[in-house]
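To start, the structure under review is shown below, and the notes come after it.
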Amino acid sequence: MVTTHNLGFPRIGAQRELKFGLERYWKGESSRDALKALGAELRARHWNAQRDLDLAPIGDFSFYDQVLDMSFTLGNLPKRVQGFHGDVLDNYFRVARGRSAQVVDEHGACCGGVSAGEMTKWFDTNYHYIVPEFHADTNFSLDPSCLLQQLAEARALGVAGKPVILGPVTYLWLGKEKDDSDRLALLPKLLPVYGALLDTLTAQGVEWVQIDEPILVTELDAEWRQALRTAYAALETRRIKLLLATYFGTLGDNLTLAASLPVDGLHVDAINARDEVDALVRELPADRVLSVGAINGRNIWKTDLNATLDWLEPLAKQLGDRLWIAPSCSLLHVPVDLASEEKLDAEIRSWLAFALQKLDELKVLATALNQGRDKVADALAANAAAIDSRRRSPRVNNPAVKAALARIDAQLGNRASPYTQRAPKQSARLNLPAFPTTTIGSFPQTADIRHARSQFKAGALDEAGYRAAMQAEIERSVREQESLGLDVLVHGEAERNDMVEYFGEQLDGYAFSQFGWVQSYGSRCVKPPILFGDISRPKAMTVEWITYAQSLTNKPMKGMLTGPVTILNWSFVRDDQPRSVSCYQLALAIRDEVLDLEKAGVRVIQIDEAALREGLPLRRAQWGEYLKWAVEAFRITANGVQDDTQIHTHMCYSEFNDIIASIADMDADVITIETSRSDMELLDAFDSFRYPNEIGPGVYDIHSPNIPTQDHIVGLMKKAAERIPAERLWVNPDCGLKTRQWAEVIPALTNMVAAAKTLRNQVQ
């Protein structure tokens, strides 16, 4: 019999209950006990939804991040949060965001907050994790209380499950040394703690543990490969079965290593690594389980169940009970329930599967494999009809878009002149001081803004009323910026619910869910639009709002657009053509918007490519192809403008050292980047690469409520000036200010502007 299991379930709740519960707690509007009760309620609901599985995941729920959870389980807390009184949950939030609940920190020893842990992308996804911190003297100590609590809850519900933990080698790989030490040297100290954790679970009667080592789908040098051998040789002696889980890609040259590790089962991503399954069957010892991720855990399209059975059936016959099936990865990366989508176009809806529907697909596959296809004939027929409907739909294919794509030539992405000739023209037109100040784009999405938007969408507020409300918010943003003394202004994006969804709503080829939320980090959720067909722009999308904002001030007003690569990487993308083709379609559509903004007199246009790096394949050997079309798509979007129009781009959560040449090749006049959490370490890339254009290294972390001091900002910018000529430096926050409150934004920007004025006097 084939065994079914799941690697992880979305933790936020179908209606984002966790998000709202966290935010209530942080604001002091609810108690710690209420938050913990909400967590227990969500876990129970999610386990009940997975009752049909042979093994449900236990320990996949987190109040913020599963990597941070592992740091606490291993006793690896940064020294700056040690010694505070109160519940462990409050220290947990201090690491995550610099503060815990408002009421806790106001009466505790850290009312000024602490530095939040560094946050970066989880492999090539749009989820973010808190980076573990290591020192030469780091010690580990086991605290399994959270995992044991969840195990007890699951058992009380009668749930058959397996605890899920992050593997020791991936845990070290994901972290960062805070001194000159080598984090891999900590493995001998770490392994006994993992061994003790497995012993604890054994004592609880646990049979299987899922231990995640996704680094096996990356390029590993000899040291890291040996670390995996060492780790699992040490853990082999434990009296518990280990399912080693990999996901997000192919094993490649790590296949033999993965198959040889002394574990009891191996999970592989059969969406990306289907071609490796036969080799794994040959290489795995005859007593090992092979778990295949046959359902795409990262996208929302229905699985072609009949085609999947065509290749699973011979495998089941060959492996028998040794075959397990599951989604390719944790379902954290997809929304919870398609049944909530009552307003979604019925035809498009018929093509989709969210987390609960993916579990239904898994059940159909298992029934067909265990009892024959006849047992699920109706379900298979309905699935085949949906797959065929999508394949044949004229809504997916637009001949005019394909014709425009065919007309792209090598000149379309080139500026008329090089940066050295453009810069003086832009300087003359903009007349900016040294160390010019700006923000990244968005200002706080207040309750009034959200209320007006919801009223408008519900039909309770007419278009004129909505426009007036948004114009009032734009005017507020402009007046605040003028009062602060910022040099290049933004309109604040009051009218935008999301930097990707806003554009997708106005592009043909996109559809939108009501409740298709996925977690980005902590309480931050995003609702990726659904790119289902060929993309085109029926009309201008931003010109009216930007020109209104410009009419309110004599200072330069930035046009704000999201770039094609980011729109692509932050969407659920059609899987019936190469991603590059969809990206070029987006580039042509956004290019039209850029040119319309320029015609309207907009002097500075920002095209955000926050997600450029996260689209990189996990294996460096495949980077070249991706960067070629990604950079070309940006250039097509941006480079049709005149020399005196200044193009900005923004990138966040990016390590730039290894792609700095490609970033330079984008040829944006100004790039703004996230650097503050890394204390300007990201600028190390510029030690060996002379970046030719202007740059704004982010000087304060907008993801934390902490207010940066003027001296701190001056210090960061002086570090930047050691690497980049002062005349090419801008001063700006790390990212947009949408998620902050005005009460936090005003003092932070006040200090930022004051720091810029100090720098103009101190730095020549």
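Even glycines carry a Cβ here, placed using N, Cα and C.
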Same-site residue for L-methionine (record: Swiss-Prot; known: Ile440, Gly441, Ser442, Asp608; options: Glu493, Glu495, Glu501, Glu505): Glu493
Per Swiss-Prot, Arg16, Glu17, Leu18, Lys19, Lys121, Arg524, Cys525, Glu614 bind 5-methyltetrahydropteroyltri-L-glutamate; matching candidate in Trp47, Trp173, Trp208, Trp570: Trp570
Zn(2+) site partner of His650, Cys652, Cys735 (as recorded in Swiss-Prot), chosen from Glu625, Glu632, Glu674, Glu694: Glu674
Euclidean distance between Cα atoms of Glu674 (Zn(2+) binding site) and Ser442 (L-homocysteine binding site), Å: 15
Spatial neighbour of His650 (Zn(2+) binding site) that is closest, considering only the binding-site residues Ile440, Gly441, Glu493, Glu614 and their CA atoms: Ile440
Least surrounded among the binding-site residues, given as Leu18, Cys525, Cys652, Cys735, when other CB atoms within 10 Å are counted: Cys525
Cα-Cα distance linking Gly441 (L-homocysteine binding site) and Cys525 (5-methyltetrahydropteroyltri-L-glutamate binding site), given in Å to the nearest integer: 19
Cβ-centroid neighbours of L-homocysteine site Ile440, Gly441, Ser442, Glu493, Asp608, 8 Å, sequence order: Thr439, Val490, Met499, Met560, Gln606, His650, Cys735, Gly736, Lys738
Distance [Cα-Cα, Å, rounded] between Cys735 (Zn(2+) binding site) and Glu614 (5-methyltetrahydropteroyltri-L-glutamate binding site): 16
Largest tally of Cβ atoms lying within 10 Å of a Cβ, found at which of the binding-site residues Arg16, His650: His650
Alpha-carbon spacing, His703 (active site, proton donor) to Cys652 (Zn(2+) binding site), which is rounded to whole Å: 12
Top Cα neighbour of Asp608 (L-homocysteine binding site) in the set of binding-site residues Arg16, Lys121, Glu614, Cys652: Cys652
Residue from Arg16, Leu18, Lys121 whose C-alpha is spatially nearest that of Ile440 (L-homocysteine binding site), among the binding-site residues: Lys121
